[in-house]
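Residues annotated as region 'Disordered' in TrEMBL: 1-26. Taken from TrEMBL, the feature compositional bias 'Polar residues' applies to 1-11. Taken from TrEMBL, the feature transmembrane segment covers 36-53, 110-135, 141-162, 169-188, 194-226, 238-257, 369-387, 393-415, 427-449, 455-473, 493-513. The annotation domain 'Glycosyltransferase RgtA/B/C/D-like' is assigned in TrEMBL to 91-252. Per TrEMBL, the feature domain 'Putative mannosyltransferase YkcA/B-like C-terminal' maps to 600-669.
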Amino acid sequence: MQTDDVSTVTNPALPDKQSETQTIAESQPTQRWQRITLAVIVAFSAFLNVFLIQQNGYGNAYYTAAVKSMLMSWHNFFFVSFDPGGFVTVDKPPLGLWIQALSAKIFELLGFGFTGISVLLPQAIAGTLSVYIIYCLVRRGFGPVPGLIAALALALTPIAVVMNRDNNLDSLLVLTLLLATWCLLLAVDTGKLRWLLLCALLVGLGFNIKTLEAYLVVPAFGLFYLLSTRHGWGKRMIHLLIALALLLVVSFAWIVAVDMVPASQRPYVGSSQTNSELELTFGYNGLQRITGMGSGNRAPGTSSQTGSSATPAFGAGMMNEGGDPSALRLLKADLGGQVSWLLPLAVLGLIAMAWQARLRLPLNRWHQAVVLWGVWFLTAATFFSVAGFFHSYYLVIIAPALCALVGIGLVTLWNDYRKRDRGDWRTWALPVALLLTVAEQVYLLSVYGSPWSTILTPVVAVLSALGIVALIISKMQVKITARTMRLQRPAVIVSVVGLMLTPLIWSAMALAMPSNSVLPTAGPMLVNGDGGMSAMIKELQSANGTAVPGGGAGLPGAGFPGGGLPGAGTGTPRGSAGFPGGSGGMGNFLGGEKADTRTIQFLQANKGNARYLVAVQSAMAGEQLIIATGEPVMALGGFVGSDPILTLQQLQQKVASGEVRYFMFPAATSNDTFKNLPASIKEMIEKMGGGNPGNMAAGMAGSNGKIISWVQSSCKVVPTDQWKTNTQQSDNAQGGIPGGGMGMNNQLYDCKAA
């Protein structure tokens, strides 16, 4: 079916080099308006990704501290050590952090020093390139218009913009998978195995960025090649088996290499219970994402810790931003506001693509798109519908497929509308798709509350309704004139502009204020959300006697003491509401502020010959010290403080040998503080073994609670006026100093005489 809007591209096996070159060249725009439009979209994407990016400071300080540590030795670089001393690793594979370390090294060589921009910029570049590549991929088979729509949709996907401005690794993964998609298309177009192998190589590299998340595309890729190539069935299977073997080798080479190194010669594998990268991959970063982390799991432990409860990541259940598993999860505002603004249009577009031609092998371009983008989308959507634990920013992995379906699907629906008689039910699919998308957006806006619902709902509804009504009236006329047909295209454009408006505003909010770099989300805070984060925030506010500010500004300092989640960029003032209606601060939850200069000076002046500047409960409590000093900081429990790295006896030996002298822990708290917490958080802490539940520091440390209790009872308390600034001492009275959170005050302990 040839139309003015969609170019027909056949899919023969092209064995010669000239044909292969022509296939690649087809992705380039040939008309002036196409080049200009594409340039504007890519430039605007770059603007959204880069402008004022410095306001995000060091981004997620957990990974930034690791990058700084990696620059200090090849040992730290290879094992992705969190700290310069090589005590514990971060909870991700190496490739994304290696890229950030390379960027940071280039900045240092250019004389800029170690800066936040150096670790943020790779993701911004990756996000911008992804917009261009999605255009090229869609353009190959469906022409420039679907490609431009897909590129615009990806450029304006709120969670994609937020992640492109952050140093979490998802944007690098998206770029890698889009490059793999390009190679897969070339493998089918040319019939050459090398492109399929390059595709497998790239997916394997994606695995080394975010482990099993990269495999969400594997079902789509495998099925696409199996049903689209013109090779015989035997050859198809052989090719896929070879590609699978390469994929597994590339994916697990580093993991196996790390696990083969004796534990005494490498850092402890952070966020694992058995000091194994394989266990981390299939446990914390694998099955626990499906089953959830609320119940914890038993770990073998070591020595005195044998049989103790191995605590999962603190707050894992509470920090599950997806709410309860549900088939409609992506339509709920907690997640829908991040990526699903055009979801009904994508789904109906997918259906429209499937009915364009009779199914036969090898697949035609319509069914190829259904398999490639549709199965990618459905696989990821299924995961996010059933997963017991994930963060909302993981949704960026679904964005390329969803946006491709929007681009191809919208033009497909448009062609059905124009070319079919009004008696054909498929004619009405376009108005229905637009109407359902408007309805979803109105619902999502209603959950965000005033002023967003009050202002945007009528604008979105009116703009989109004008186009939809015009389309319906145009098709209902007995005689369709040339003038009527000329009005159809503007009607669709007006509707699409209305539908793109809210994603644009949500994306632009990332420029208006610093993002929360640990748990990035786009847009304003929800007022009536029903997911994990929204429910937690509302419960905390209720417990503290505060209400959600109009439009959902940040949680006041009375909630989580302080003003930002760990590593939240430069940090807005504690307790501040932030940009009106924005995501705002959520309090100083287990750390995240810049290290206090006086604290650093005291520790450096008094550590003597100790290897470690200080020991802290969690990486989140020590990340800023590493960034500021570049000195070893011992994160006793890894990322959140619950990894069973040392037994109490092993720690006592390190103290006795002078390897570590100072410990910075939250001070012991009274049972009254514990009793005043919201019920769900109190229940979570009670489940975490390792000490008196009233002593939240020990309680949240799991099996490390014995270590914290020993330090608090056996070591000398350093007077606060010796190591804290007056500002921090004032914060102490409010319960909001770095590393405390939950109403706990940090305290420095000197264990020299212990």
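Backbone N, Cα and C atoms are what each Cβ position is placed from, and that goes for glycine too.
Because the structure is a prediction, the values reported are computed rather than measured.
Distant neighbours of the transmembrane segment (238-257): 93-94, 193, 196-197, 199-201, 203-205, 207-208, 214, 218, 222, 225-226, 229, 231, 277-278, 281; these residues of the same chain sit at least 6 beyond its ends, with a Cβ under 8 Å from one of its Cβ atoms.
Taking residue pairs at least 6 apart in sequence, the transmembrane segment (110-135) and the transmembrane segment (427-449) share fewer than three C-beta contacts under 8 angstroms.
The predicted model assigns the domain 'Glycosyltransferase RgtA/B/C/D-like' (91-252) a mean pLDDT of 97. Residues 1, 3, 5-6, 130, 134, 137-138, 142-143, 145-151, 153-154, 157, 159-160, 162-163, 166, 168, 170-171, 173-174, 177-178, 181, 213, 216, 220, 330, 335, 338-340, 342-343, 345-350, 352-353, 356, 366, 369, 373-374, 376-377, 380-381, 384, 429-430, 433, 492, 496, 519-521 of the same chain sit 6 or more residues outside the transmembrane segment (393-415) yet have a Cβ under 8 Å from a Cβ within it. Of the candidate ranges 36-53, 141-162, 169-188, 369-387, 141-162 contributes the most Cβ pairs within a distance under 8 Å of the transmembrane segment (493-513).
With pairs at least 6 apart in sequence, the transmembrane segment (369-387) and the transmembrane segment (36-53) have fewer than 3 Cβ pairs within the 8 Å limit; the two do not touch. Listed by sequence, the residues of this chain that lie at least six past the ends of the transmembrane segment (141-162) yet keep a Cβ under 8 A from its Cβ atoms are 5-7, 9, 11, 29, 31, 34, 37-38, 41-42, 44-45, 48-49, 127, 130-132, 134-135, 171, 174, 337-339, 341-342, 365, 368-369, 392-393, 395-396, 399-400, 402-404, 406-408, 410-411, 496, 500, 503-504, 506-507, 509-510, 515, 520-523. Residues of the same chain lying 6 or more positions beyond the ends of the transmembrane segment (169-188) and with a Cβ under 8 Å from any Cβ of it are 11, 20, 23-24, 63, 92, 95-97, 99, 122-124, 126-127, 129-130, 133-134, 136-137, 140, 160, 163, 195-196, 198-200, 202-203, 205-206, 209-210, 213-214, 217, 221, 224-225, 228-229, 368, 372, 393-394, 396-397, 399-400.
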